[in-house]
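What TrEMBL records for CYS359 is active site, proton donor. According to TrEMBL, the feature pyridoxal 5'-phosphate binding site maps to GLY246, GLU283, PRO284, GLY285, ARG286, TYR387. The substrate binding site annotation in TrEMBL covers ARG286, ARG322, TYR326, GLU360, TYR387. Annotated domain 'Orn/DAP/Arg decarboxylase 2 C-terminal' per TrEMBL: 37-385, in sequence order. Marked as domain 'Orn/DAP/Arg decarboxylase 2 N-terminal' by TrEMBL: 43-289. TrEMBL lists LYS67 with the feature N6-(pyridoxal phosphate)lysine.
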Amino acid sequence: MTPDQYFPLLTTPAGTIRHAEAVPLTQLAAQFGTPTYVYSKAALVAAYQAYASALAGKRATIHYAMKTNSNLSLLRLFGELGAGFDIVSGGELQRVIAAGCKTDKVVFSGVGKTADEMRLALQHGIKCFNLESVSELDRLNAVAASMGKIAPISVRVNPDVDAKTHPYISTGLKENKFGVAFEDALPLYRKAAALPNIQVIGIDCHIGSQLTEISPYLDALDKVLDLVAALRAENIVLHHLDLGGGLGIRYQDETPPAASELISAILQRLEVRGFGDLELAFEPGRSLVGNAGILLTKVEYLKHNSAKNFAVVDAAMNDLMRPAMYEAFHDMVAVQPRNGGSSGSAGNPQSYDIVGPVCESGDWLGRNREFDLAEGDLIAILSAGAYGMTMASNYNTRGRAAEVLVDGEQVTLIRRRETVEDLLRAEQEI
Ligand SMILES: *Cc1c(COP(=O)(O)O)cnc(C)c1O
């Protein structure tokens, strides 16, 4: 499979310069500089519609896990398409509000919600707090009582299934910090049901990220449904079942199921188990944005030593942390063909390590990549729409990259490049 086939954003009209939708990437680099994140509206909409159409006619909500990419313009787009949001901080709730999106379809996940964050979420009438511990339940009840409010809750259970993914992004095993152990869930629900300022409305789980198989979801679902049944027997009736996010994308040679395949398998299992009437919720992140974004970067220097060829580019680990953090693979393509080749590798291809300028040996973006490169060339780093910009930092006093959204021939700057003045302000204003 070539990138053009799995990466809907990139096109190569007439085998020449790479485009994002109808816009040449060379034009974007000239206009906005590099490094720049480029997103495709068509790819974002298509990824969302894959979920929405699979759930058409069902009582179901899609909560975009916005930690994946929380640019206000993307939130607005997903909000307009009908999405709610899965947040993990008060700051993310403020982004939802700043984007002009509704807060009544927000679910609040995370193990460490502060009292201030709970207060903010209660003020704005979110749909549900996804609780992760007894202490959190007690705190939420107290905060809600102090405001004269009732907090809607779901318990995040840890179904102890192996998501068969990278240990850093697996969350549904006993040794992970996430969720409430299965055997502790029932007593926690009993306690929640008896608290005056808590309303039990749901149950949720999220077993990991970059899942490429359906079976762990079904294993988790079976366990969660056992619990739903046990709760029903005690007259604790749940209105919704939230299966989290986690569906993987193709970075290299993975073959994750399509959203429609995953959802139809889940719907079928619910039907078989007699829970066809339960309202569903999903919290997809990566699968909505990952392959709708690239990071556009320029080759500053080519450097050769006896062991290696290095291409030093102007993007770095502070812009895209995933390779340094998880040894993640991001495919890369040359933006302009050299020597008449359409792939950019027709002349004198060599194996390069693609590295950034940050002073860390861990600052690499790709290893042993075949490229025919010259200084000044542009490279598109693929599958960078998820956990790219949101994990970016200012390490080495580097301003964060610009972000642009492409819609056909139309280009919108959706975040300007950060300046050094932006970075210094918080220290100079004191
Ligand atoms: C991160 C996260 C998600 C989204 O995960 P993806 O793998 O990006 O789909 C959903 N729910 C919760 C609770 C999360 O922490």
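All positions are counted from 1 along the displayed chain.
Glycine is no exception: its Cβ is also placed from the backbone N, Cα and C atoms.
Among the recorded positions GLU283, ARG322, TYR326, CYS359, GLU360, none has a Cα sitting within 10 Å of the Cα of LYS67 (N6-(pyridoxal phosphate)lysine).
Within 8 Å of the Cβ centroid of the pyridoxal 5'-phosphate site, not counting the listed residues GLY246, GLU283, PRO284, GLY285, ARG286, TYR387, the chain contributes ALA65, THR68, SER209, GLY245, LEU247, SER287, LEU288, ALA386.
Per-residue confidence over the domain 'Orn/DAP/Arg decarboxylase 2 C-terminal' (37-385) averages 94 (mean pLDDT, predicted model).
With a CB cut-off of under 6 A applied against ligand 1, the binding-site residues GLY285, ARG286, TYR326 are reduced to GLY285, ARG286. Around PRO284 (pyridoxal 5'-phosphate binding site), the same-chain residues six or more apart in sequence whose CB sits under 8 Å from its CB are TYR51, ILE62, TYR64, ALA65, GLY245, GLY246, LEU247, ALA259, listed in sequence order.
DSSP assigns GLY246 (pyridoxal 5'-phosphate binding site) to coil in the three-state reduction, outside any helix or strand. Set side by side, the binding-site residues GLU283, GLU360 differ in how many other CB atoms lie within 10 angstroms of their CB, and the most is found at GLU283. The two recorded residues, ARG286 (pyridoxal 5'-phosphate binding site) and ARG322 (substrate binding site), have Cα atoms 13 Å apart.
Take the binding-site residues TYR326, TYR387: by the count of other Cβ atoms within 10 Å of each Cβ, the lowest one is TYR326.
Among the recorded positions GLY285, CYS359, TYR387, the residue whose Cα lies closest in space to that of ARG322 (substrate binding site) is TYR387. For the substrate site, whose binding residues are given in the record as ARG286, ARG322, TYR326, GLU360, TYR387, the maximum C-alpha distance rounds to 27 Å.
Here the CA atom of GLU283 (pyridoxal 5'-phosphate binding site) lies 34 Å from the CA atom of GLU360 (substrate binding site). Rounded to a whole number, the C-alpha distance linking the residue listed as 'active site, proton donor' with GLU283 (pyridoxal 5'-phosphate binding site) is 36 angstrom. Ranking the binding-site residues GLY246, GLY285 by the number of CB atoms within 10 A of their own CB puts GLY246 at the top.
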